Amino acid sequence: MASYSVTVSVAGTSINKYPAGSAGFDLAMADSYDPGKQHARRVAAYLPKQQGLIYLPGQQTVLSEDSDQDRPFKQRRYFFYVTGVVEPDCHVTYDIAEDKLTLYVPDFDFKRTIWTGPTLGKDEANQRYDVDRVEYFSALEGDVLRWSQANPSLSIYILHPDQRPVTPLTVAYFYESKSLKHAMDACRVIKDEHEIQLIQRANRVSGAAHRSILANLHHFKNEAQIAGLFIDVCLSLRSKGTAYQTIAGSGSNGATLHYTRNNEPLAGRQMVVLDAGAEWSCYASDVTRSFPIPSSVSGGRDWPSREAEQIYAIVQRMQEECISRVKEGALFFSIHQHAHAIALEELLKLGILRIPQGSTKADLIKAEVTALFFPHGLGHHLGLEVHDVSPDSGTIPVELAIEREKGLMSVTEHRPPCTLSAPPLASGMVITVEPGLYFNRLAIDQARAERDEPNSKGRFVNFDVVERYVDVGGVRIEDDVLVTKDGNKNLTDAPKGKEMLDLIYGR
């Protein structure tokens with residue numbers, strides 16, 4: 001389709017929001033296919049019995065504490081998976097034996113309709129969604145009661161014990177909350193063609209936003225302008241927004257993995273790490289690009305320093321080689337290890353790492369010294385959540401369980417595919433491949449302080465050399481990759497490498 005260009009003037013600065021080469025697709029295009037019932041059938045096939053009732057609540061409207069304003073709405077992903085419904089205050093049941101999907105929409109509220117417009121009604125829901133029956137919410141309790149009376153020995157499958165559709169009174173309901181999540185996760189981790197198209201659409205919006213930022217980077221003075229333009233382009237292209245909080249970290253902020261303040265000036269800094277992805281129809285993209293700040297570059301060069309260019313080249317090599325290894329049957333943990341092997345080789349070449357007298361390269365590997373500069377996993381599953389479900393998400397490592405108990409981790413955290421116990425990659429999985437190298441002052445100073453301790457990482461670090469790289473901050477490059485039977489398909493089209501530099505410098 002033909003690309004288009006929209007020029008916006010802000011405070012005397014001309015910004016071309018959609019530069020040539022950005023994703024110029026039909027904004028009026030609608031997502032006409034709803035695979036909700038197909039997904040419900042897939043889930044049912046994974047349950048222990050091919051009889052029973054599945055119940056899932058959608059996200060309800062919730063007010064912020066001590067406020068009359070609604071919290072930002074985000075549809076519950078498990079509910080969306082079997083309905084495709086994006087509106088709030090809905091519920092769904094699926095009678096497995098009868099193959100009947102019933103959607104419950106909010107009861108009509110005259111006052112609410114006057115103030116905020118009509119909620120999803122029965123006729124509209126019947127036209128828009130692939131369901132067998134639509135009822136108002138007030139019918140839910142009676143329907144479940146009658147189903148239970150007719151099927152007294154069958155289970156009602158729910159995700160969590162606190163998500164019961166009816167409080168047991170006169171009927172002995174058999175609620176089963178152990179099987180449904182495992183079944184849904186097993187289905188969600190393998191994307192069908194419709195889901196892949198939605199993830200690719202999200203990536204196209206992300207690509208357009210990243211292009212716009214690169215083309216207009218020379219106008220910007222603050223991280224906030226980068227983050228703001230990304231959201232602007234996403235909304236303009238009919239995305240509901242971003243799939244997660246945008247990370248626009250300049251200078252040392254780029255060494256903080258999930259930096260989201262996005263409010264500091266760009267002046268005097270070399271690089272920006274921009275981790276920002278659009279959402280499309282509840283499906284996420286997750287894209288990271290690292291690029292030089294034009295005001296820090298002089299003399300016709302592309303990079304603000306030799307150190308920045310070197311680190312970018314290493315991360316680029318890490319990503320390219322790792323993506324080439326993604327295929328059905330591969331162990332992502334092994335690909336993750338390959339990324340660390342490249343980091344070790346290259347950091348030794350730069351003199352950032354060293355092999356002390358009496359030590360060997362194997363000692364550096366055993367000490368996991370590269371984790372000082374590459375402290376996160378190579379990637380994660382992607383889908384309805386940016387950190388999407390895994391096939392074995394019901395169990396998590398002990399150390400993660402401890403973090404969850406401390407309140408440091410959501411209870412919905414899923415096992416990443418780069419753990420040793422994760423199953424091999426399978427066709428239909430979508431994963432991120434996001435190697436990075438970071439020069440985090442806190443981590444470096446701690447390693448320096450502990451360098452004389454046995455088994456410390458600092459023993460293998462040349463801290464004088466490291467200081468030359470601290471101003472780089474960090475570099476991360478991230479793409480969303482579909483695993484296929486023949487290898488993989490990269491779903492991300494945001495510029496990187498030479499194409500990225502050409503956009504920044506208008507070449």
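Residue 1 is the first one shown; counting continues down the chain.
Yeah, the Cβs are placed from backbone N, Cα and C, and that goes for glycine too.
Note that the structure is a prediction, hence the values are computed from the model and not measured.
Together with D275, E478, Swiss-Prot lists one candidate of D286, D471, D486 for binding Mn(2+) 2, that being D286. Just one of E328, E345, E434 is listed by Swiss-Prot for the same Mn(2+) 1 site as D286, E478, and that one is E434. One way to see the shell of the Mn(2+) 1 site is to take the Cβ centroid of D286, E434, E478; the remaining same-chain residues with a Cβ within 8 Å of it are D275, G277, V287, T288, G379, T432, V433, R476, I477, D479, D480. Annotated pair D286 (Mn(2+) 2 binding site) and E434 (Mn(2+) 1 binding site), C-alpha to C-alpha distance, rounded: 10 Å. Separation of the C-alpha atoms of E478 (Mn(2+) 2 binding site) and E434 (Mn(2+) 1 binding site): 4 Å, rounded to the nearest whole number. Compute the center of the Cβ atoms of D275, D286, E478, which mark the site for Mn(2+) 2; besides them, the chain residues with Cβ within 8 Å of that center are A276, G277, V287, T288, T432, E434, R476. On its own chain, D275 (Mn(2+) 2 binding site) has T246, I247, D286, V287, T288, R476, E478 as residues at least 6 apart in sequence with a Cβ closer than 8 Å to its own Cβ.
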